[in-house]
Amino acid sequence: MVQGEESSWRMERAALPLNQALAYGVQAHAAAAAAPPTCFLDFQPAAASAAYFGFGELEEALIHGGGAASAGGGVDPGVIIKNDVAQAKSAAGYLAGAGTGRPPTLEIFPSWPMRHQQQLHSGNSQSVGSTGTDSSSAQNTMSQMELVSPASSAPRQEVMMVTTDDYSYKPGLAAAPAAAAPPSFQQHHPLPLQLHGGEGGGDHDKRKHGSTRKDGKLVDAKTERRLAQNREAARKSRLRKKAYVQQLETSRIRLQQVEHELQRARSQGLFVGGCSAAGDMSSGAAMFDMEYARWLDDDTKRLAELRGGLQAHLLDGNLGLIVEECMQHYDELFQLKAALARSDVFHLLTGSWATPAERCFFWMGGFRPSELLKILIPQLDPLTEQQLLGICNLQQSSEQAEEALAQGLHQLHQSLADTVAAGTLNDGAAAPNYMNIMAVALEKLASLENFYQQADNLRHQTLHQMRRILTTRQAARCFLSIGEYYSRLRALSNLWASRPRDNFIGTESLSPTATELQALHHQQQNQFAGF
């Protein structure tokens, strides 16, 4: 056992560099000269150096020293003892330096702050200089020397190097040497991690309550919360900005659609009373035109859904939802027209909000219900006898209501014409009863709104009656046929408005067709010249 320890100690000393050995030797001789030992048991080295120097080695050194003295003519035993003490203290200095991973003579650029280095050197000097003078302390130190071995000092060196170089707390590395070393050794020789207990605990608390940024700076918990709040606020701001941009884009598209509808209305030459529609149009009428343009866009989308549902052979439940949406869509149109009738009924009766081809088939500001039923019956085949009977009864009742409304409107027109033509027309506004005539005419015009409301209610009820009579798929084909019919009328109006307008009068080169038309026109004038 003594020979193994001696061989390990000699291997450790052989591994030391020359300058380190000299440095430790000088320190050891200075300490020995300052306090010469009085007996053999008084010069026990520190506990840290006891791992590499034992009683067996001292005895062997004394024996060899005594033999050499007798053989060589006398060597002073005190010199041998002082040399052994110097070697033991140099081993203690080496162990203290090995704990830090770098010897003191080479610590030019330390890898940790200077205050940690000073604490480490002060701790090592205290451990080296604190040697007991009584026998009990010598025995305790001797027992600690026997417990420590080079194999147990290696984990200490690894733990010390990891803690000081990384400057962080590693629970896994610190637990290994603490478990391996006995309690007595831990009491006299605290682990290197405990030397940095003040600073290491602070760093551990900072890491517990904060985090480290990418640039290596430590951020406390309060700053981290503020940074998180700033990131969340920036994310919400980006979402609001995105929604605002989408709203602006939607408004821009809507404005383009309104401008397109107004341009289309002007190109169709809508005139009321010999003036432009834009000049005499009220605010309610302009708002209705914009809402009707939006309604047409939605109607096109719903027609596409109906067509897709019929082609995909959807179930009656899914197809019925689309049909109900179409019915609600028409209800919305009737509500818009009723709101405008209370403010500007003439705008609805003249049909200036519709295309020219649609106005040709208008009856009191809209479609004639009986005529619409005649168009829809061939599109709804096959129909059962009960369905056909219900549609015929609906058509007959619609015709009777239309006739009654037409007669009432005709009587209103006749009464209004008689009221306006009352009195003398040659005097103009200077007539004595002019204001009375205008007041009576205004009262009769107020009843014109009632006629229009009754006609619109008839159209609305006809659509709801058709929905009750027909099945789900028949109702889908019904709404699809109505939408396609008026879509073709609008397309016809656009084609008529975009047709080429040729001037047949005053042209130098006339086509044969134009020449024939002019010749026919002259013949007709000569034929009816006598009339």
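Yeah, the Cβs are placed from backbone N, Cα and C, and that goes for glycine too.
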248-262, 293-307, 443-457, 503-517 - the range that Swiss-Prot marks as region 'Leucine-zipper': 248-262
Labelled motif 'Nuclear localization signal' by Swiss-Prot, one stretch among 184-191, 192-199, 224-231. Can you tell me which? 224-231
Across the motif 'Nuclear localization signal' (224-231), DSSP yields 8 helix, 0 strand, 0 coil
Within the region 'Leucine-zipper' (248-262), residues counted as helix, strand or coil by DSSP: 15 helix, 0 strand, 0 coil
